[in-house]
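> So TrEMBL lists these for the protein:
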TRANSMEM  32-52  transmembrane segment
TRANSMEM  96-116  transmembrane segment
TRANSMEM  128-151  transmembrane segment
TRANSMEM  178-201  transmembrane segment
TRANSMEM  231-250  transmembrane segment
TRANSMEM  291-311  transmembrane segment
Amino acid sequence: MFWFLITKEREFMKTKFSVNKFSKNTWSIAKIILLISPLLILVLLFTLIPIGETFYKSLRFFPYRSNHKIVQINFKNYRNVFDDPSFKAAVQNTSAVLILGTAISIFFALVFAIIIESLIHKKAKSTVLGILYSQFFISTFAVGLAFSLFFGEKKVFFRLFNIEQYGFTSGDHKTPIWIYYVLFQVWRSLPFNLILFAAAINKANAKYFRLMKVDKIALLHKIRYVYIPELNKVMFSILFTNFIYAGLFLPDAILGANYNHDINHSHTLTSYTIKYFGGGSSPSLRYEKGYAAAFFSFIYLVSMLLLALLIQPSSLTWFKQKIIKLINKMKFKGAKNV
């Protein structure tokens with residue numbers, strides 16, 4: 001009887017503890033939901049609902065342009081957009097900025113960051129980083145103006161080398177416009193990328209300074225075993241910011257408001273979309289086409305960002321470890337069955 005009572009008491013205490021633990025967990029979750037609910041409401045109102053509305057309006061096709069009372073729900077707006085040569089040029093130009101511009105900028109930023117943090121004297125390093133930091137206090141308009149003056153119609157860059165017949169926007173030997181856009185992406189994103197990389201490398205140097213000094217680690221080993229783990233932590237911020245730069249790039253900032261994008265095949269996804277909402281150098285009020293271009297641009301840019309995140313070194317390492325773990329698990333099961 002005594003042992004029976006003790007057992008029942010233990011079961012009761014265990015049940016009570018479980019209930020209390022469940023109540024605490026429930027209350028914690030409820031507090032988290034209450035705290036983030038304003039943010040969720042804002043995301044719903046200003047992100048998810050506009051995206052859904054854009055998609056719905058992109059499906060509204062008007063077979064008679066003079067009569068907007070007759071509406072069909074289909075994908076013909078998308079077909080009209082995809083068949084437009086200006087849209088194909090917009091996808092090509094934006095893709096070049098996204099892939100080439102971002103990749104070149106990240107590569108040079110990494111190289112310069114390693115040089116600044118590892119090889120340059122401390123005083124010189126402070127001066128260089130100070131100059132780069134000053135870029136964040138200069139307006140985007142000023143950055144675009146300086147770039148267009150140097151590489152645009154004035155051809156200051158080409159005059160320095162006495163090759164004025166070449167140009168990005170005009171001249172007898174005009175280069176493809178996407179090269180001009182890629183150069184601008186590198187021009188404005190390189191300082192930002194360099195600052196973040198330099199900060200990550202500086203943090204790694206401060207963290208492992210004594211160990212590296214004792215072991216006398218070579219630069220290549222530093223990069224592989226010390227710098228890369230820290231660089232992976234800032235890679236998402238760099239990719240996300242660079243994709244915002246590329247995705248929202250409006251060429252009017254460096255080409256001028258009167259540059260004809262349709263003739264020169266110089267549209268980006270942003271300028272093409274704005275055109276059908278009444279903006280740009282040759283506006284056209286065809287909202288349904290603008291909505292189709294806008295929704296496609298959103299899906300395309302998000303897909304490219306996810307792809308970039310999947311192929312970054314930390315993600316590839318994670319996938320590699322998971323595959324190795326799965327293979328070893330299957331081998332162990334096979335050996336056990338034998």
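A Cβ is built for glycine as well, from the same backbone N, Cα and C atoms used for every other residue.
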> Can you tell me which parts of the same chain pack against the transmembrane segment (291-311), counting only residues 6+ beyond its ends and a CB-CB cutoff under 8 A?
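Sequence-remote neighbours of the transmembrane segment (291-311) are 51, 54-55, 57-58, 60, 77-78, 80-81, 87, 91, 94-95, 98-99, 102, 236, 239-240, 243, 247, 269-270, 272-273, 276.
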> Residue list, the transmembrane segment (231-250) vs rest of chain: Cβ under 8 Å, 6 or more residues beyond ends.
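Residues packing against the transmembrane segment (231-250) from afar: 94, 97-98, 101-102, 105-106, 110, 181, 184-185, 188-189, 192-193, 196-197, 199-201, 268-271, 274, 297, 301, 304-305, 308-309, 312-314.
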> Residues of the same chain, at least six outside the transmembrane segment (32-52), with any C-beta under 8 angstroms of its C-beta?
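Result: 295, 298.
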